[in-house]
Amino acid sequence: MKIHEYQAKQIFARYGIPVPKGEPAFSVAEAEAAAQRLIEATGIPVVVVKAQIHAGGRGKGGGVKVAKGGVAEARALAEKILGMQLITVQTGPAGQKVRRLYIEQGLDIDREIYLALTLDRDRRRIAVMASREGGMDIEQVAHDTPEKIHTLHVDPVIGLAPYQARKLAFALGLGAKEQMRQFTKLLDGLYKCFLAEDCSLVEVNPLVVTKKGDIVALDGKMTFDDNAEIRHPEWANLRDADEEDPVELEAKQVGISYVSLDGDIGCLVNGAGLAMGTMDIILHYGGKPANFLDVGGGATQEQVKKAFQMILRSDKVKGIFVNIFGGIMRCDVVAAGIVAATKELGLSVPLVVRLEGTNVEAGRKILDESGLKIESASSMGDGAQKIVAAVKPGAAA
Ligand code: ADP
Ligand code: MG
């Protein structure tokens, strides 16, 4: 789960990480009032109006603007940015509608640094990555000049060792006494934040050194590890449903794992492993899955129905492949769920079903008697070939 920059900064502040003063705003009037308060508090008539969407690259896309002309200019910028369809390298071509703003004190920036904490799954450790080349596209830096990215791994038993933080500070050119103190304190706070908030990513790009020499987190991106949701009731309030895929959200509410993908073959599968295998075999035969959907082992007929309806309602789906191996899951429950779903929404695309395992005969009987136009498959490979052929006639070899 992702959160907005302003939410990440509010959390940063709780860990003693310096952030600029700022206020979220949901309307132009709120933005104007926030700008007024900030200018009064800082005594400097410079504020930054920042679009709040769950994607980076906002600056280049026109979603971050500095107002040097005080409240009036801030208001004009808020009018322009709020409601705009912001397109960045991370939003995809359709962009994302801006519904929230962050009005922030403008800082005099001397240097922009990149700093991030993430989980390195290969090393099974939290990795701290940093570069002097901050503020810009870090993927580009990693690609063109990987030597400019410094990485350290944290021993989970020892934690972030002071010598590691100092070494990184030197690499970033922050070796002078006061900056070293500020940087190591900040990094320590970020590490504690990463652990306690159950993050999978904390990215500060840029971390800035101001003209006065202070180190401040100017941007904040935070992604939580969804597996830890049970420990964080407060996440419910941080969630912004407008930024999430509506179908994925619905799936979550029903208790099924669903991820939208780019292709056109809808898949209903039980078990994450089988679901991944199904996606692979569809690709193998030249098709493209429209989703990853694992109804799980103990799904009820109602859950299967809801899951199947999600696939049916998607207009990108040109064909459906149901691949069930009934272990704990009973084939008749799946069949009944599918039939119930189509009773309400109809079935206008080809459907291939491969059903094996517990109560398979009962399941097949339900499907046979439903009158639905179903092509049955004798194996996973057979089913994948059939659905690919049905969606793209002539494509399957
Ligand atoms: P994004 O990464 O989505 O483009 P950032 O928050 O990193 O958004 O802002 C983009 C750039 O805008 C920063 O690299 C910085 O140069 C400038 N900027 C952002 N916030 C401020 C601020 N409070 N004061 C001065 N400049 C800022
Ligand atoms: Mg940024």
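Even glycines carry a Cβ here, placed using N, Cα and C.
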Given TrEMBL lists Gly327, Ile328, Met329 for substrate, the same-site residue among Asn227, Asn237, Asn270: Asn270
Sorted by sequence, non-Asn270, Gly327, Ile328, Met329 residues with Cβ within 8 Å of centre, substrate: Gly271, Gly296, Gly297, Gly298, Ile324, Phe325, Gly326, Arg330, Gly357, Thr358
Where Arg58 (ATP binding site) falls in three-state DSSP terms: helix
Those binding-site residues in Asn270, Gly327, Ile328 whose CB falls under 6 A of ligand 1, listed in sequence order: none
Binding-site residues listed as Glu104, Glu112, Asp219, least Cβ neighbours within 10 Å: Glu112
Cβ contacts of Asn205 (Mg(2+) binding site) (under 8 Å, same chain, 6 or more positions away): Gly56, Tyr114, Leu115, Ala116, Gly134, Gly135, Ile138, Asp219, Lys221
Number of Cβ atoms other than its own within 10 Å, given for Arg58 (ATP binding site): 23
